[in-house]
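Here's the structure, in C-alpha cells; my notes come after.
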Amino acid sequence: MRAVLEAADIAVVALYFILVMCIGFFAMWKSNRSTVSGYFLAGRSMTWVAIGASLFVSNIGSEHFIGLAGSGAASGFAVGAWEFNALLLLQLLGWVFIPIYIRSGVYTMPEYLSKRFGGHRIQVYFAALSLLLYIFTKLSVDLYSGALFIQESLGWNLYVSVILLIGMTALLTVTGGLVAVIYTDTLQALLMIIGALTLMVISMVKIGGFEEVKRRYMLASPDVASILLKYNLSNTNACMVHPKANALKMLRDPTDEDVPWPGFILGQTPASVWYWCADQVIVQRVLAAKNIAHAKGSTLMAGFLKLLPMFIIVVPGMISRIVFADEIACINPEHCMQVCGSRAGCSNIAYPRLVMTLVPVGLRGLMMAVMIAALMSDLDSIFNSASTIFTLDVYKLIRKSASSRELMIVGRIFVAFMVVISIAWVPIIVEMQGGQMYLYIQEVADYLTPPVAALFLLAIFWKRCNEQGAFYGGMAGFVLGAVRLILAFTYRAPECDQPDNRPGFIKDIHYMYVATALFWITGLITVIVSLL
C-alpha cells in the first residue's frame with residue numbers, strides 16, 4: 001500500500017523541517033560553541049523542561065514506533081514492561097548517579113570510570129564498547145526503522161530519503177552542538193506526543209475503546225483460507241496465526257519466550273541500568289543541567305512521559321493487528337515475504353500501516369513529521385554523544401596537548417565520519433530481516449551491557465572496588481557476552497515452519513537469564529579481584 005501525498009501533508013512536513021532548521025540556527029546564534037563545555041554539554045545551562053523532553057525523545061526514536069508497536073502487534077502487552085521499568089531507573093539516575101557525576105566534573109562516562117579507578121585502560125575499553133554499540137545497534141536499527149516507514153508509507157526512493165535525513169541531522173549536530181540537539185528535541189517531544197495521541201484516539205474510536213481492544217485482539221487471527229487463495233502461495237503451512245494466550249499479561253511465566261518475569265527482574269533490570277544511568281546519550285543531556293535541582297527535575301519529567309508509550313505506541317500496534325490481521329499476522333515465510341519483504345514476520349509494519357490507513361489528509365503529514373522527528377532525534381543524539389566520547393576519551397588520550405579549538409574540529413569531523421558509516425549501512429539495513437525488532441535490540445544489548453552496569457553500580461556504592469577488579473571483571477563479562485552473542489547469531493532461530501535444531505544452551509536459555517549470569521559473574525569477579 002502506498003499513500004498519496006496531498007498538498008496539506010506536504011505543507012505540514014515542510015513546516016516541520018523549516019521549524020527544526022530555524023531552531024538549529026537559533027542555537028548556533030545563542031550558544032557558546034567555541035568551548036568544550038559549550039559544544040558538548042550546552043555550557044551546563046539547560047533547564048529541567050528542555051532536558052526532560054530531550055531524555056524522552058532520545059529514548060523514543062523511530063525504532064520505538066516501529067519496534068514497540070510491532071511487538072505489541074505480535075505478542076501483546078509484554079513489551080510495555082520496559083517502559084514502566086524506565087520510570088524507576090530514571091529516578092536512580094537523577095537522585096543517585098547524576099549528583100556524583102556532576103561533582104566529579106566529567107564530560108563522558110568513560111572519563112568517570114577513569115577518574116574513579118585511575119588509569120586509562122578501562123576508559124578506552126568502555127569508550128570502544130560504547131562506539132560499537134552506537135554504530136552497530138542504535139544507528140543501524142534507527143536507519144532500518146526509518147527506512148521501513150518511508151518505504152511502507154510513501155514509496156519514496158529509500159536511499160535518497162535516508163541520506164537526506166542523515167545529512168540534515170548531521171548539519172544540526174555539527175553547527176549547534178548539544179544546545180541544538182536539546183532545543184530541537186523539545187519541539188520533537190511536543191510533536192511526537194500530539195501526533196501519537198491523535199492516532200491513538202482515532203484508532204481507539206474505530207475499535208470501540210480499550211476493553212474492546214483487549215477482547216478483539218485475542219480474536220485477531222488471519223483468515224488462512226482466503227490468504228491461500230489471494231496470494232497463490234506454494235507453501236500452504238500456517239504458523240504464527242493466533243495471538244498468544246498470555247498476550248494481555250506483561251510479566252509472564254519463567255519459561256516464556258518474550259518476557260519471563262525472573263529474567264526481567266534479575267537480568268533485564270540490571271542491564272537497563274547501563275542504558276538509563278551510564279549511557280552517554282542519556283547522561284550527557286542531564287549533565288547539561290544548570291544545577292542538580294534541574295537535573296533531578298528532568299528525570300522526574302522524563303519518568304512521567306515514559307508512562308505514555310504503552311498507550312500511544314503499544315496499544316495502536318495491537319489495534320493494527322486487529323484491523324489488518326491478514327497482513328500483520330502473516331501465516332508463513334512465503335506470505336510474509338509477499339506482504340512486507342521479510343520472511344521473519346510483518347509485525348514491524350503495524351504502526352506505519354495504521355498511520356497510512358486511518359489518519360486523514362493533513363494529519364497524515366503530522367504523523368509523517370512525527371516519524372521523521374523520532375528518527376532525527378535519535379540520530380542527533382547518537383552523533384553528538386559518539387562525537388563526545390571519541391573526542392574526549394580516545395583522541396584526547398592520543399593528543400594530550402590538543403587545544404580546545406582542535407577538539408571542536410575533531411568532534412565535527414567525527415560526526416562527518418559517522419554520516420559516512422550511516423550511509424554505508426543503508427544497503428545492509430535494506431536486506432535485514434524484520435521479526436520483532438525491539439526484542440532484537442534488547443537481546444544484543446543484554447549480551448554486552450550487564451558487565452558495564454555491574455561496574456558502575458560497584459563504582460558508585462562500594463569504595464573498595466579498584467581498577468584491577470573493575471578491569472578484569474569487565475573483560476571477563478565482555479568476553480562471555482561476546483561469545484554468547486556470536487553463537488546466538490551463528491545459530492539463528494529457524495523460520496516458523498522449520499524444525500529447531502539449535503543447541504540446547506542456545507535454544508532453551510532466554511537471553512535475559514544470560515544477562516542475569518553476566519551481571520552477577522562480572523560483579524563477583526570484580527569483588528574478588530578487588531579484595532586480593
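Glycine residues also receive a Cβ, built from the backbone N, Cα and C atoms like all the rest.
Sequence annotations record features per position, and here TrEMBL assigns transmembrane segment to 7-28, 48-70, 82-102, 122-144, 156-183, 189-209, 354-376, 410-432, 444-462, 469-491, 511-531.
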What stretch, picked from 7-28, 48-70, 82-102, 444-462, 469-491, has the most CB pairs under 8 A with the transmembrane segment (354-376)?
7-28
So if I exclude everything within five residues of the ends of the transmembrane segment (444-462), which remaining residues of that chain have a CB under 8 angstroms from its CBs? That is, six or more out.
96-97, 100, 109, 112-113, 116-117, 122, 126, 129, 133, 137, 267-268, 270-275, 277-278, 469-470, 473-474, 476-478, 481-482, 484-485, 488, 511-512, 514-516, 518-520, 522-523, 526-527
At least three Cβ pairs under 8 Å linking the transmembrane segment (189-209) and the transmembrane segment (48-70), pairs spaced 6 or more in sequence?
yes
Mind checking which residues reach the transmembrane segment (122-144)? Cβ under 8 Å, same chain, six or more beyond either end.
61-63, 67, 108-111, 113-114, 162, 166, 279-281, 375, 378-379, 382, 385-386, 389-390, 393-394, 397, 418, 421-422, 425-426, 428-429, 432, 437, 440-441, 444-445, 448-449, 452, 455, 467, 470-471, 474-475, 478
Sequence-distant contacts of the transmembrane segment (511-531), meaning Cβ under 8 Å and at least 6 residues beyond its ends, amount to 259-260, 262-264, 266-268, 270-271, 442-443, 446-447, 450-451, 453-455, 457-458, 462, 464-466, 468-470, 472-474, 476-477, 480-481, 484, 488
